[in-house]
Amino acid sequence: LQMMKHAWDNYKRYAWGLNELKPISKQGHSSNLFGNIQGATIVDALDTLYIMEMKEEFKEAKEWVEKNLDFNVNAEISVFEVNIRFVGGLLSAYYLSGEEVFRRKAVELGEKLLPAFNTPTGIPWALLNIKSGIGRNWPWASGGSSILAEFGTLHLEFVHLSHLSGNPVFAEKVMNIRKVLNRLDKPEGLYPNYLNPSSGQWGQHHVSIGGLGDSFYEYLLKAWLMSDKTDEEGKNMYYDAVQAIETHLIRKSSGGLTYIAEWKGGLLEHKMGHLTCFAGGMFALGADGAPPDKTGHHIELGAEIARTCHESYDRTSMKLGPEAFRFDGGVEAIATRQNEKYYILRPEVIETYMYMWRLTHDPKYRQWGWEAVEALEKHCRVDGGYSGIRDVYISHESHDDVQQSFFLSETLKYLYLLFSEDDLLPFEHWVFNTEAHPLPVLHKDDGNKGDNQK
């Protein structure tokens, strides 16, 4: 809570209304991911402020959203980032507080994202100019492909947009993405990270549970959970994918650490990204729906991944994990390349601790979480907020001068939940989107709430 206050107060003091804060230079930071949309930190932090009962701050944030959150901007945005941070943040704020302005803004933004789906296959573009409705893909992505983690991480939000607006088009768009994926042949049952939205064919056969792939798998499982376990298609796709991941990507190092490697056209690269660490929580969360003989195995897998990721933190001088770490040439869980040694306040390891704590109540997860708190306070806290670190293996800090919006949305929320009672946002009623925005499970008897609210 004190951390959240420090992060929020400084954002408010130095960067209010801008996307993010530069805590060292004490000014705003604008990421090109959001085009000219402003206020990413405000929208991303709404639900955290609400959950932590920071009522004054929540009220100020709500007033800013009412007056200043504007989507009529001539700029190119990342469909994925704007969906998980802005749409997700607004939906959660609405479901937690019941304030109509959040529902209205979420649906308005959802409508602005729809032209991204105007491709021959309906697989959306990665980038969209929200004024002109013109989309394109990242120039670096394999042969003009869309990215699995990006188009695969719209499902939860779009189903809720349909639920709240009474307009089925949002849910139809994301259901169609699944149809396309189900029709395609998957190499070894794995989903490559690149898919061409025009031809409907895979790009390079790269598979990763880290960046480019990660949240696609998470959303298959969570779509099933959010549907009150009625979305059988999502469930089956998830367990089939996990089966393939176990067979082809999960390995054990000589020192006994379980890790998830990356697959490049049949060859394994023995590296694991910080982003991949979310998978520990995912495996544990999915244990309950696994075939009865496999439940313990999935929890065990989650625990093993949590341990490996804790080791990646423990083996640095700052006790904060690197962006990526390797298992080759005699190293284990250590970053060997300079450009993988940074830490940008990412939440995935703490996210896994939180899931493992709730599902097993083993006290080591709280202990590990507290180690992370101490390291964040010692190395990332600066006068003007919290900053990422360029190299976690040296003893003096070299700060990157960015307080990421997900630090307030995810890292601090997962820490707060790790040390809260289980009845705060219980898993049977809430599913977290990949930016840690809680969305309610849609029970069959809810009917369609959208209709009577228009």
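All positions are counted from 1 along the displayed chain.
Even glycines carry a Cβ here, placed using N, Cα and C.
Long-range neighbours of GLU81 (active site, proton donor) (same chain, six or more residues apart, CB within less than 8 Å of its CB): LEU33, PHE34. Per TrEMBL, active site, proton donor is recorded for GLU81 (among others).
Take the CB of ASP214 (active site) and look out to 10 A: across all protein chains shown you find 25 other CB atoms. Annotation source TrEMBL lists active site at ASP214 (among others).
Feature annotation from TrEMBL assigns active site, proton donor to GLU323 (among others). Sequence-distant neighbours of GLU323 (active site, proton donor) (same chain, 6+ residues apart, CB-CB distance under 8 A): GLY273, HIS274, ALA335, ASN339, GLU340, LYS341, TYR342, TYR343, ILE344, ARG346.
Of all Cβ atoms in the protein chains displayed, 24 besides its own lie within 10 Å of the Cβ of GLU348 (active site). The annotation active site is assigned in TrEMBL to GLU348 (among others).
Every protein chain considered, the tally of other Cβ atoms within 10 Å of the Cβ of THR434 (Ca(2+) binding site) stands at 26. According to TrEMBL, the feature Ca(2+) binding site maps to THR434.
The Cβ neighbour count for CYS309 (disulfide bond), using a 10 Å radius over every protein chain in view, is 28. According to TrEMBL, the feature disulfide bond maps to CYS277-CYS309.
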- Message: When you rank ASP214, GLU348, THR434 by Cα distance to CYS277 (disulfide bond), which of the recorded positions ends up on top as the closest?
- Response: GLU348
- Cα-Cα distance linking GLU348 (active site) and CYS309 (disulfide bond), given in Å to the nearest integer: 9
- Item | Distance from ASP214 (active site) back to GLU348 (active site), taken between C-alpha atoms, in Å | 11
- What is the interatomic distance between the Cα atoms of THR434 (Ca(2+) binding site) and ASP214 (active site), given in whole Å? 9
- A correct count of other C-beta atoms within 10 Å of the C-beta of CYS277 (disulfide bond) gives 30
